[in-house]
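To start, the structure under review is shown below, and the notes come after it.
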Amino acid sequence: MRPIIAPSVLASDFANLQSEVEMLNNSQADWLHIDIMDGRFVPNISFGFPVLEAIGHHAQKPLDVHLMIVEPELYIERFREAGADTISVHLEACRHLHRTVQQIKATGAKAGIALNPHTSVQLLEDVVADADLICLMSVNPGFGGQKFIENTYRKIEAMKNLIIQRNSQALIEIDGGVNLDNAPLLLEKGADVLVAGSFVFSSADPMQTIVDLKSSK
Ligand SMILES: O=C(CO)[C@H](O)[C@H](O)COP(=O)(O)O
């Protein structure tokens with residue numbers, strides 16, 4: 001099966017936001033990945049509801065919203081209203097993860113759970129059947145442009161086994177340092193969704209880079 005490609009929308013230049021989203025609309029990107037950072041869960045701040053709404057206003061593809069924030073349960077409904085189709089929360093940020101997953105699903109959004117590189121996939125044993133997406137961070141969250149962590153390959157295999165064991169339908173998403181060198185092995189190990197930020201946007205031809213990622217095996 002061809003992978004789902006979810007370029008990470010930078011939104012670093014407000015003037016270019018519309019053209020960035022329009023390029024993605026015209027590309028083979030399947031989803032738009034949006035990173036929300038609060039300066040507390042991660043040492044960086046990205047943007048909030050108004051910018052997400054602006055992206056949603058122009059986007060013709062599903063918005064895959066990754067919350068790198070503490071107490072995400074306080075904002076789930078607002079992220080849904082702002083246009084999120086999938087909402088991922090970090091296991092490390094949730095005191096009551098099972099409840100938060102149900103809260104996301106109650107809004108009609110798909111529920112994702114993200115794990116930091118140091119977090120064992122085994123911690124998802126009792127909640128993976130409820131999740132639609134598991135986002136394995138392949139860099140420490142907070143910044144684009146970091147080096148891919150090789151241990152991710154092992155985590156994908158362990159995650160895939162757990163998904164099968166628990167009869168879960170969850171997709172495995174890989175986020176951080178994804179490029180054309182590591183994409184084939186990520187897919188071979190069992191990744192379903194590839195998030196790519198700097199590799200796409202710093203390439204000479206982002207639309208072609210998305211095609212290349214989509215056809216990598
Ligand atoms: O936000 C991130 C980490 O928090 C990700 O790394 C980002 O979503 C993808 O960027 P890149 O492909 O440059 O690693």
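Just so you know, glycine gets a Cβ as well, placed from its N, Cα and C.
Not measured: the values here are computed from a predicted model.
With a 10 A radius on its CB, Ser198 (substrate binding site) counts 17 other CB atoms from all the protein chains. The substrate binding site feature in TrEMBL is assigned to Ser8, His66, Gly142, Phe143, Gly144, Gly145, Asp175, Gly176, Gly177, Gly197, Ser198.
Under the heading divalent metal cation binding site, TrEMBL lists His33, Asp35, His66, Asp175. Cβ neighbour count for His33 (divalent metal cation binding site) (all protein chains, 10 Å cutoff from its Cβ): 25. His33 (divalent metal cation binding site) carries a strand DSSP state (E or B).
What TrEMBL records for Asp35 is active site, proton acceptor. Applying an 8 A CB threshold to same-chain residues 6+ apart, the list for Asp35 (divalent metal cation binding site) reads Ser8, Ser46, His66, Met68, Gly144.
Under the heading active site, proton donor, TrEMBL lists Asp175. Shown in sequence order, Ser8, His33, His66, Ala114, Cys135, Leu136, Met137, Ser138, Val139, Val195 are the residues of the chain, 6+ apart in sequence, with a C-beta less than 8 angstroms from the C-beta of Asp175 (substrate binding site).
The Cβ of Gly142 (substrate binding site) has Met37, Val42, Pro43, Asn44, Met68 as same-chain neighbours under 8 Å, each 6 or more residues away in sequence.
Sorting the binding-site residues Ser8, His66, Gly144, Gly177 by the number of other Cβ atoms within 10 Å puts His66 first.
Residue annotation for substrate gives Ser8, His66, Gly142, Phe143, Gly144, Gly145, Asp175, Gly176, Gly177, Gly197, Ser198. The furthest Cα pair among them is separated by 17 Å.
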